[in-house]
Amino acid sequence: MFPRTSRSGGRIVVRKSFAGTVLAVLAAAVLAACGSEAGNTAGAGAPAGGQPASGGSTSTQQQPDHNEADMTFAKEMIPHHTGAVEMAKLVEGRTSNTALLDLAKRVQATQAPEIQQMTDWLGKWGAMPEMTGGASMPGMNGHSMPGAMGADDMTKLSKAKGAAFDRMWLDMMIKHHEGAIEMARTQLGKGSNPDTKSLAQKIIDAQQAEITEMKAMLGKQ
């Protein structure tokens, strides 16, 4: 529709209603332009594809899955377990005690896979310990580890036979197990990796039960 006009003194006069409409349309156009500019400004700060902006809070960054205590536990328990396995291997041919022979087999069957498990962890963490040469049996040259036996202890044990061997082996393995339990309890208190802490608890449960078993064997000597 065209705006109504009137003549006044030879001039065409546009009615005020039309002028008001024009002003309203212009105001709406200005507001729309402002809104579009604001939207473009806000969108410029966001990456394409709706992805969040980089440089977020450090709390969202991935945390390490292990700490120093976890690495120490694995590094020390590997040679400690190795010592127990070496002791268990000495049983065959030195005793006829079936209970002791059975226990020695269980020690090897349990601790050998745990050694591999801990070795895999250290490899994953890039924390493999340096291998040192020496005449001592593995796991038996570090008295700093609780319950660890020295080379002299192992030599004496290897020369024993029969009931004397049984008593010496049980005494040594009880002390060795007690040392492992102490190390595992330290790990439960200081470690952060759930897998290492789970293994520590497994060691405590299994070796405490074996200590009870070995003490019962000693009572029958």
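The chain as shown is numbered from 1 upward.
The backbone N, Cα and C atoms fix where each Cβ goes, and this holds for glycine too.
Annotation source TrEMBL lists signal peptide at 1-38. Positions annotated as compositional bias 'Low complexity' by TrEMBL: 43-64. If you look up TrEMBL, you'll see 43-65 marked as region 'Disordered'. Summarising the annotation, TrEMBL assigns domain 'DUF305' to 70-218.
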(Q) As a quick check of your reading of DSSP, tell me how many residues in the domain 'DUF305' (70-218) are helical, how many are strand and how many are coil. (A) 111 helix, 0 strand, 38 coil
(Q) Restricting to the domain 'DUF305' (70-218), what is the model's mean pLDDT? (A) 92
